[in-house]
Amino acid sequence: MSDVVTLERQGDIAVVTVNNPPVNALGIAVREGLQNCFKAAEADPEVKAIVLVCEGMTFMAGADIKEFGKPPKSPSLPEVVAGIEAGNKPSVAVIHGTALGGGLEVAVSCHYRIARKDAKVGLPEVKLGLLPGAGGTQRLPRLVGVPKALDMIVSGNPIGAPEAFELGVVDKLIEGDLLSEGIAFAQQLLMDGKGARRTGERTDKLEGVDNAGAVAAKRAEIEKKMPGLFSPQRCVSAVEASFTLPLEEGLKRERELFGECLTSPQRGALVHAFFSERQASKVDDLPKDTPVREIKSAGVIGGGTMGVGIAICFANAGIPVKILEISSEARDKAIDRARDTYGMSVKRGSLTQDALEKRMGLISGVTDYADLGDVDVVVEAVFEEMGVKQKVFEALDANCKPGAILASNTSSLDLNKIAEFTKRPEDVVGLHFFSPANVMRLLEVVRGEKTSNEVLATAMAIGKKLKKVSVPVGVCDGFVGNRMVFQYGRESEFLLEEGATPAQVDGVLKKFGMAMGPFAMRDLSGLDIGLAIRTRQRQTLPAEYKLPTILDKMAEAGMLGQKTGKGFYVYEPGSRTPQENPDLPPILEAASKEQGVERQQLSDEYIIERTIYALINEGAKILEEGIAQRASDIDVIYLNGYGFPAHQGGPMFYADAVGVDRVYAKICEFHDKLGAWWKPAPLLEKLAKEGRKFADL
Ligand code: 3H9
């Protein structure tokens, strides 16, 4: 028998235990072990019932994702679950942690399920570009009905054990020791004379409901909300088979659809996104035993939208936080802003009034730096100007206790210079949150030249505590994300000079999968922000680096985006819906004329190449300079901070998918045709010539 799955007998109950850290994924050893143990228990005449339980932090969290794409090994998961369900002795799955994907499929093939109250169950395969491939699309509808199964399978979001109990996925909620509860439940079944109860044989939940209507509604919803995604419609087709076909044929249909998803490029991209996110939090040159400082309290300098968002992140993590503002009025406004932000969550139903009060109880306002003397970490979120930062950091240095971490939320200024305003540059680090800070998952952790290992490790730990996707980056103008987005923004504006409209560029990039087009985004953040960066860059970039002038012209005409009701689009008062701006074409034509560019029709492909390849070229430079540790870290930044579509894997993954040599050739063409700023990154050239990929680095 395998080491990862063991079988023992306690009286007339067989106990099958899975122990495959960290998440009991259903790799080949677990599948073999489960099959052998269930068979042995079934064959043992002394055994009357079987309990399945997992060691460690969780029940089985799914198939082993690392095995995807490799030659399949027998027994497959569908074979294992079919064997468990077919058993004649009642079997009980005892769920704790998360029963996800294949894990839940195993659980629903057992005849009964009990779960810890804080456990979660779900079928998240769609998030990996897949669908549940071990009977989940056939058995879950039989337990919860087609409409609910569609919701769970297409969203991929897990539900809590209490809801699973209400729905009938779970038969009992438990609190005590997993094994004793499992055995007690099995003994009770025997006493009550209850035997095998196979989910696959049930049909009651499939009847008397408009299943076809639910399917049509879900298809329409997907068409609207997730166009271009490969697996969601196939999830629906699989669920549809649960009520249109008998079980065996439904399972066959599920396997066909699963196979289609498995070979889709989107699956590769989404699995890359999953593992890259986990990898990003690991700092390669940080010794494993680096101590981490304890963070029990925090301070935030600046009570604007960003500062308050950051304070909310700390309060959400249960860490008391003081917001420092320059006056008592500004301080009170900041507190009101925090309350209003939480208030919106209460209105939406995602937070209770009680929780609001609890979290507000952790946020206080101060006006004196001396009040920050006892905090463990301070995050500065004041105006992006070096003189202002200098004053703040000198004050922090003078007032904060030794060992406090002094963090800056700067999005582009030189962190090394900021660190020099203190006598403790080793304690200074960048914590670059993205707006709105309480919503966006990305955190760039900026490592200055003198940032100590201990401070970096603590900063990464703070990110984890705040439930952020933390990515370590080095110091340069704009760090990773903004440095790259500058190239993207510039090229999109050049496209307008060449003949495109904002709606065309935005439309093409949205079709590519971007959450928002670059011009809708500019209107949202305000054109003055981009213009300030542009103006600074005019002074610092080499003369041969051409910059578009559209922003300047629009700012002159008072078109600053949503805040003025007019930017690349116009907005009705109180509305965020973009409409064509009739005053823009003359500005674009003037810009084209000034640049000596003849306006012409641009293809979708050209628009993607100009914008996305600009990201890739800069990403390659960033990698070469060591500003990012890995190509996949750049992808994580783009997926979590810039709305890059996960099913495209991130800009560097996309480059590998297109072919580095093809991307390089096109960039060379742009360099010849457009100008010096398109000079191919040496790393890109090297990889292209060696026939390698970013993933090979
Ligand atoms: C499926 O089941 C298909 C079937 O329907 C059909 C088959 C025929 N495999 O996230 P964490 C690793 S598809 C391999 O940091 P947490 C992870 O990489 C699967 N490895 O912990 C990390 O490794 P490392 C459906 C996995 O506590 C470590 O475990 N299931 C897998 O924040 C810890 O992970 C899913 O999609 C896996 N399935 O969160 C569930 N899962 O330490 C995916 C994790 O080396 N998993 N690892 O970096 C999750 O959502 C979270 O990992 C979980 C724990 C909630 C379980």
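Cβ atoms here come from the backbone N, Cα and C positions, even for glycine.
The domain '3-hydroxyacyl-CoA dehydrogenase NAD binding' annotation in TrEMBL covers 298-473. For 478-571, 606-692, the entry in TrEMBL reads domain '3-hydroxyacyl-CoA dehydrogenase C-terminal'.
In the predicted model, residues of the domain '3-hydroxyacyl-CoA dehydrogenase C-terminal' (478-571) average a pLDDT of 92. DSSP places the residues of the domain '3-hydroxyacyl-CoA dehydrogenase C-terminal' (478-571) in helix, strand and coil in these numbers: 61 helix, 4 strand, 29 coil. DSSP places the residues of the domain '3-hydroxyacyl-CoA dehydrogenase C-terminal' (606-692) in helix, strand and coil in these numbers: 68 helix, 1 strand, 18 coil.
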